[in-house]
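Features reported for this protein in Swiss-Prot:
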ACT_SITE  CYS164  active site
ACT_SITE  HIS303  active site
ACT_SITE  ASN336  active site
Amino acid sequence: MVTVEDVRKAQRAEGPATVMAIGTATPPNCVDQSTYPDFYFRITNSEHKAELKEKFQRMCDKSMIKKRYMYLTEEILKENPSVCEYMAPSLDARQDMVVVEVPKLGKEAATKAIKEWGQPKSKITHLVFCTTSGVDMPGADYQLTKLLGLRPSVKRLMMYQQGCFAGGTVLRLAKDLAENNKGARVLVVCSEITAVTFRGPSDTHLDSLVGQALFGDGAAAIIVGADPVPEVEKPLFELVSAAQTILPDSDGAIDGHLREVGLTFHLLKDVPGLISKNIEKALTEAFQPLGISDWNSIFWIAHPGGPAILDQVELKLSLKPEKLRATRHVLSEYGNMSSACVLFILDEMRRKSAEEGLKTTGEGLEWGVLFGFGPGLTVETVVLHSLCT
């Protein structure tokens with residue numbers, strides 16, 4: 001007689017979840033950060049606000065961002081003047097864009113990841129889709145299933161409105177799905193488009209202006225599975241552990257509200273300070289079981305909320321400047337793409353490691369950390385184990 005224990009054992013994978021492939025995509029429209037303030041104040045009919053424009057120029061100059069990609073072009077914005085005003089009812093116009101474009105951009109990234117993985121898409125058993133750009137029913141997960149031609153029986157999980165920490169969340173969920181379902185191959189997609197948050201400037205809402213200086217569009221996709229098929233699947237990283245926590249005394253530190261005017265964004269406290277103050281505790285809890293306490297001995301993938309967060313984390317932990325190289329590179333080339341950022345950084349790290357002939361995907365090191373920071377203030381901590389390049 002078969003027992004429940006026997007059934008459970010047969011259902012579970014043997015080894016840890018691994019990242020098997022990564023793909024990324026951006027809209028074609030590239031925006032130069034140095035000239036963006038001119039464009040932004042012109043398109044929003046705000047050129048008379050000279051002092052505010054100077055302030056925004058300084059924000060952009062200090063952002064450490066060279067360029068960003070945006071679905072919103074001058075033509076689209078001219079056709080949708082309500083999106084350009086500071087607080088005009090505009091949710092319908094925004095939704096009409098993102099409901100179509102979020103799955104479309106996700107498809108581009110997913111197609112690249114599936115190609116690298118090298119297996120037929122019929123072998124994808126689960127889909128995790130994450131976006132903070134708009135909501136709809138059936139969701140972006142359903143639309144992507146149709147766009148890619150995945151099996152109708154693919155098990156879908158749709159994550160809306162999570163914000164910037166969710167690149168860590170999707171890895172945590174994909175790990176559990178892959179390890180608890182033998183043979184599972186999880187397609188994870190994060191797709192973010194700033195059409196929901198774009199709006200004109202206001203003297204009284206400077207945190208909105210911070211978002212206008214930092215956010216960019218992008219989608220990233222990964223394939224996660226345990227027990228890779230030898231000679232067929234080439235794992236890049238192992239997902240060793242994953243944790244989520246709400247930081248103490250951080251209520252209202254980062255808020256987003258979906259309203260008639262779109263998604264409004266609020267930074268109410270010292271976010272870089274809160275993160276740097278609590279980051280060592282998260283690291284210690286994650287790495288104590290491995291006997292690791294030297295934060296320069298591991299590789300780093302941190303959500304680049306903005307340069308101030310990275311600077312304070314670096315200072316607090318006495319990190320060598322090269323530790324956040326991949327993170328800063330992605331911030332500089334793409335801006336803050338919310339949940340997709342950490343997956344872009346993962347991609348950048350494994351590519352650069354291979355290019356430089358380093359022995360592992362994690363800059364030649366064995367162990368690493370991936371951090372997501374976002375509304376709550378919520379922190380996701382994922383421990384990674386790199387593999388041979």
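Note that Cβ sites are derived from N, Cα and C of the backbone, with glycine treated the same way.
Everything Swiss-Prot records as a feature, shown here on the structure.
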residue : record      : DSSP (3 states)
CYS164  : active site : coil
HIS303  : active site : coil
ASN336  : active site : strand
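On its own chain, HIS303 (active site) has CYS164, PHE165, GLY167, GLY168, CYS341, VAL342, PHE371, GLY372, PHE373, GLY374 as residues at least 6 apart in sequence with a Cβ closer than 8 Å to its own Cβ.
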